[in-house]
Protein chains: 2
Amino acid sequence: MNGMGEETGFEVVIVVPKGKRKEGGDMAEKGDSVEFLVRELEKAGLIVERFRGVPAEFLKIAAPLIVLGQAAAELELKKLTYIGMELQFEWDMVTAFVRQPDGSLFSWYERYSCFRHLLYGIVNKTDSNIALKFNDKDIKYEKNESLLKRLEIEGVVKQVFPLHDEVKRKQLLRKWALNWLDFTWQPVDEIYSYFGSKIASYFSFLGMYTRWLFFPAAFGLATQLFDFGRMQFLVLPSFFVFIISWAVFFFQFWKRKNSALLARKYFTFFLRSPDFVTNDSFMSGLAYMERITDNEVLFRHVYAKAEKGIGCFSVLWGINYSLNECKAMPSEANEFNYTDPIKKKFYSSRPAEKTSIQADEWWGIFRKVRNNVIVVLGIICLQLPFELTYAHLYNITQIEVLRYLLTAAYLIAIQYYTRIGGKVAVALIKYENNQGEDSSAASLVYKVFGLYFMQSYIGLFYHAVVYRNLGTLRKVLIQRLIVSQVLENLIENSIPYVSYNYKKYLALHKKKNDNSSPMGKNVRLSTRVEKEFLKPSYSASIGADLEDGLFDDYLELALQFGMIMMFACAFPLVFCFATLNNITEIRADALKLLAMLRRPVPRASATIGAWSNIFQFLIVMAICTNSLLLICLYDQEGKWRIEPGLAAILLIEHILLFVKFGLSHFVPEEPAWVRVNRLRNVSQARDLYSKQLLRSITKLEHKDD
Amino acid sequence: MNGMGEETGFEVVIVVPKGKRKEGGDMAEKGDSVEFLVRELEKAGLIVERFRGVPAEFLKIAAPLIVLGQAAAELELKKLTYIGMELQFEWDMVTAFVRQPDGSLFSWYERYSCFRHLLYGIVNKTDSNIALKFNDKDIKYEKNESLLKRLEIEGVVKQVFPLHDEVKRKQLLRKWALNWLDFTWQPVDEIYSYFGSKIASYFSFLGMYTRWLFFPAAFGLATQLFDFGRMQFLVLPSFFVFIISWAVFFFQFWKRKNSALLARKYFTFFLRSPDFVTNDSFMSGLAYMERITDNEVLFRHVYAKAEKGIGCFSVLWGINYSLNECKAMPSEANEFNYTDPIKKKFYSSRPAEKTSIQADEWWGIFRKVRNNVIVVLGIICLQLPFELTYAHLYNITQIEVLRYLLTAAYLIAIQYYTRIGGKVAVALIKYENNQGEDSSAASLVYKVFGLYFMQSYIGLFYHAVVYRNLGTLRKVLIQRLIVSQVLENLIENSIPYVSYNYKKYLALHKKKNDNSSPMGKNVRLSTRVEKEFLKPSYSASIGADLEDGLFDDYLELALQFGMIMMFACAFPLVFCFATLNNITEIRADALKLLAMLRRPVPRASATIGAWSNIFQFLIVMAICTNSLLLICLYDQEGKWRIEPGLAAILLIEHILLFVKFGLSHFVPEEPAWVRVNRLRNVSQARDLYSKQLLRSITKLEHKDD
């Protein structure tokens, strides 16, 4: 039994409580709901392995590719074909569809969607209700009801979660999490194929950010190490200009990289190096597509390339759209709800529909603005006085011990405050007319970030501006960076570990007390599945249904970015700390995901969008705050006269703001080669479709003759 | 002959010099090139009417719809069909394609493209060169050469230009240019169908701008009329905040309106009110498309709607893309040049292609930046000192006469300066790697606007900041607005009129002297075509090949907008002048286009994009300059101390900048109903295509059986 548990191929597990063991070990009582579930799962074509672990009973599920394929066809999944178009998946045309970089047909996200569709798609198709039993409890399984949902409601199914793939996990652990040789390099493709696009884009952002951080870290170190003599007064302003330009360029290039990542999807494969696609299967797919399309010109071209052995085709990770379109797409599904059946009558004529949609839109904007006003007022009226009180008390307290007590009380208070704030934000966005999950998530991100922004920076501003106490500011900065970043890293990795061990202890302890089974004293968690069951999942500190653990990871990055950018001129060395911190962060996050937690549920959307806006906002804030800092530094005596120096700072500020908003005019967000590929695919598809439609007419007409 | 000339249907005219009249009036000499051209045109299916006018000889061209349709099919024109997709036009499927709002099959732009294709598509398809003659000059018409191009080179064809449609022109004149009752209303749909989308969007912008101008004009008037007593010191700052918010909202709403205009295309028609589409033709188109697509579900839906008589379909003016995509599309054609035959070998494998495209992109960015640096340096080093000298001299000169002389010299000098600047800009953009004509036009617009910006405003800044002389500033503002706007309006309308009359006089004079024809003394321009030939065309003051007259009209608007926005706080009344000016501007521009000029050649692209960016830039500038003005007003004594008042102004400035860049987060640029329609069309098309492809396979397989 244990040996089987280590086998790959089982990708999802269903956890059920351990049923009472019948006399003679015969568990297959008539009408037993777990037994029934297993039979139904097997009927759906899934491979089920049932075994009793120490803490619970597990049903490990695997699926043959054909079953997944049929589920994908039922889901009407759109997949890229070798001719560069996305078509609805059909199992009998499988050769026409492009495979993943690692050779598998479906991406992890697609596979998991299919699994969910298969599991929750088991419904009672008979004409009558079925009576099921579990531990002597009666369960009524109604007509047309999803079995798994019913069992979840009745508490028979405790959890459904994806399993780690042991081989790939160990490979990633070796190549990525424990590979300390290259600081910032990461196997992005493998991360993508194991965790999906959302997590892969987080790590590629983190990696690029860390790599780029080396430059300001070097400059920051230089400002501390060298004495520039008479030019010393120019050092901070030039550091300011450098930092802002650095950040602006970094973000423009990140957007380009992001576009390229979306298009890594269009990766290149050569027919002569068919690691994952055999020449035969490719040629057959091509011939097949030719039969579909009858488009001689295109295929002559393709064949010509194929014969030369250097043919290359654009193949996707995911999607075939530009970044902007990508952002727009997820909400598409939701917008069709405008024409949902209930409202249909109302929308039967277009002008009425237009008016109604417009009313909906403005009402949505109104609610969004109202909610944001509530959040901003909440932050300003409740949090601001609180933070200022703390900063002030901290500043006037002379006794060290009192300070520590104050800080402790403060830390406890803000824990509660942010938790309440998060709940309020989640509650508020429910009343917003957000289009799709992605937009809700973004709205939540903005609101919660508002809270943390005030909490993290207002004290720093207080020291910087009101007291002009750069010494304290620096101390607080270092303290925050070390405490909030390094300690947080430790905590975020140790909490899962502690929680895992505690649960393990509980389970084993219960077992020992509960039942003096034949296995006797040497009770231990022998299978991987049991261990994973006890591990915590990758969840966000707020609103687990909207966001996963990436929320906390992005939040940490954003707060760090804000801290180092907004107070760059007060303490240039801070960039070195941030660099060191991020290098460890990459490995720590990787370890956490691979070793400490369950395999995360893959998510389709990438909310880097909302975070990207936050980073942009922080850059703009940094321009203003650094100007303010420079003015404070320049105008030590507090004369507040606009002398040349002060005017120069204001001028620099305006120029930098201008650069920030003008750069995208020169460096487009989408690299030209991505654009060329995308447009080529679009136009190819259009031409093909057009030809196809016209061709089918002529055929029909010939038939008529 | 004259009667025929007034007939509609002739849309293009070819102008040839009057050949020497042979004895006996027999013009049809063997090999006469004009005669040959007429025969070739007629062979191509066009209807040609040849007649000798006073200044030249004219070939009026009309085309039956079927000929235009075949040209459209050859051009592979994409047109919207009734099922919401764009397909390549085919003449025998004409019922499937959506008609224009006025009932015609092709838009004016499409029709003109077809005409050009027909005219320039006449090539020598024989195996040998053909010898032609014109006025005893020998012309060699080579193999595979375009006849019209050859004749243009040889000077036989002097001009080819589109003709006004007299009926529609008079209708527009009555309903639009001479309709003074409603100040800002304009028949946008009719303007679109007569002039094309570029001119229509200019007028709808101008109309909306003028309507919105009433608000600040009212506020501006109020600031002058009322005394606010103790609150007087708050009037200007609140006017400042109001103006900027007004401008920001105006532009956001303009973008929405622009999206809606692009989607006016998706206008609604009801089956029960078939003004321009008969029920029969529609139903036959539908049935036809059903035969094409075989998509029962969709068509059952459509029929159901049609039977209820409230069916509505999204139908296009032009294009089916979002605004952003729209901007991206025109360059598509050009980008495919990356894979032009010459470079093909180099691009045969994708990584090489990627590298090469990247190199091209960066080289292009480098050249763009370099050119912009050249322009900016040119402006700062050459124009700035010149302008400052003039402003300074004007300020220190005490004698009125000297001032007038100075201004006259200055005006002459800047005429030359801007002309040279425009030429330099046109030369520079030739070295840029601009993708498509649209991008070049935008680049030109930015560069030339830079020139005019400096020229128009630097003097004003000088008075505002250096001398703090608000009195002079106001005087200069009024003077500029009246002189540069009102006089310019007069000039721009009178120059074409004068030029037309001069040319007419010349032609008639020549005729009288030249030839004592039987027509004798009463020589006059009897036909419309002759008159139009003498009218000037709608051309830009710079780079006629990239831009048409809209460049000058937009420039005028942008300079006015900059003037009233940037110095709003110095003189709130200026908005009233601008409003009055714009009301006349609408009619003046309409009159100019309808009565003074030839019908403009329709252009596909709308460069409002570049101008929109310029307007945005002017808003940002206005935030800064008005802050500066307020500081100057506040700090009369020049203490330059950051007191509460000054700090408040700086704070307001930053908040406004934030609002400017943050608003689009709340009010999307594309109205929801446009978006819903667009996405619905996209997904409908995708589903249909997908089904169609799969269906055709099954059909093929059945055939194989």
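Quick reminder: no glycine exception, Cβ is built from N, Cα and C everywhere.
On a predicted model such as this, the values are computed, not experimentally measured, just so you know.
Sequence annotations record features per position, and here TrEMBL assigns domain 'Anoctamin transmembrane' to A:191-262 (among others). Helix, strand and coil content of the domain 'Anoctamin transmembrane' (A:191-262), in residues and according to DSSP, is 68 helix, 0 strand, 4 coil.
Per TrEMBL, the feature transmembrane segment maps to A:199-221 (among others).
Per TrEMBL, transmembrane segment is recorded for A:233-254 (among others).
Positions annotated as domain 'Anoctamin transmembrane' by TrEMBL: A:314-680 (among others).
Look at TrEMBL and you will find A:373-394 (among others) tagged as transmembrane segment.
Residues or ranges marked as transmembrane segment in TrEMBL: A:444-465 (among others). Long-range contacts of the transmembrane segment (A:444-465) within its own chain (CB-CB distance under 8 A, at least 6 residues past either end) are made by residues 371-372, 375-376, 379, 383-384, 387-388, 390-392, 394-395, 414, 417-418, 421-422, 425-426, 428-429, 472-473, 476-477, 480, 484, 542-543, 546-547, 551, 554-555, 558-559, 562-563, 566-567, 570, 607, 610-611, 613-614, 625, 628-629, 632.
The transmembrane segment annotation in TrEMBL covers A:557-580 (among others). With a threshold of 8 Å between CB atoms, the same-chain residues lying at least 6 positions outside the transmembrane segment (A:557-580) that come near it are 205-206, 209-210, 213-214, 216-217, 219-221, 223-224, 236, 239-240, 243, 247, 449, 452-453, 456-457, 460, 464, 470, 473-474, 477-478, 480-482, 484-485, 611, 614-615, 618-619, 621-622, 625-626, 629-630, 633.
Counting residues 6+ beyond its ends, the transmembrane segment (A:614-634) has Cβ neighbours under 8 Å at 236-237, 240, 243-244, 247-248, 251, 445-446, 449, 461, 464-465, 468, 470, 558, 561-562, 565-570, 645-646, 649-650, 652-653, 656-657, 660 in the same chain. Taken from TrEMBL, the feature transmembrane segment covers A:614-634 (among others).
Among the features that TrEMBL reports, transmembrane segment is placed at A:646-667 (among others). Residues 237, 240-241, 244-245, 248-249, 252-253, 256, 619-620, 623-624, 627, 630-631, 634-635 of the same chain lie 6+ residues outside the transmembrane segment (A:646-667) yet bring a C-beta within less than 8 angstroms of a C-beta in it.
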Who are the long-range neighbours of the transmembrane segment (A:233-254) in its own chain, taking Cβ under 8 Å and residues 6 or more past its ends? 205, 208-209, 212, 215-216, 219-220, 223, 565, 568-569, 572, 612, 615-616, 619, 622-623, 626-627, 630, 633, 648-649, 652, 656, 659-660, 663-664, 667, 669
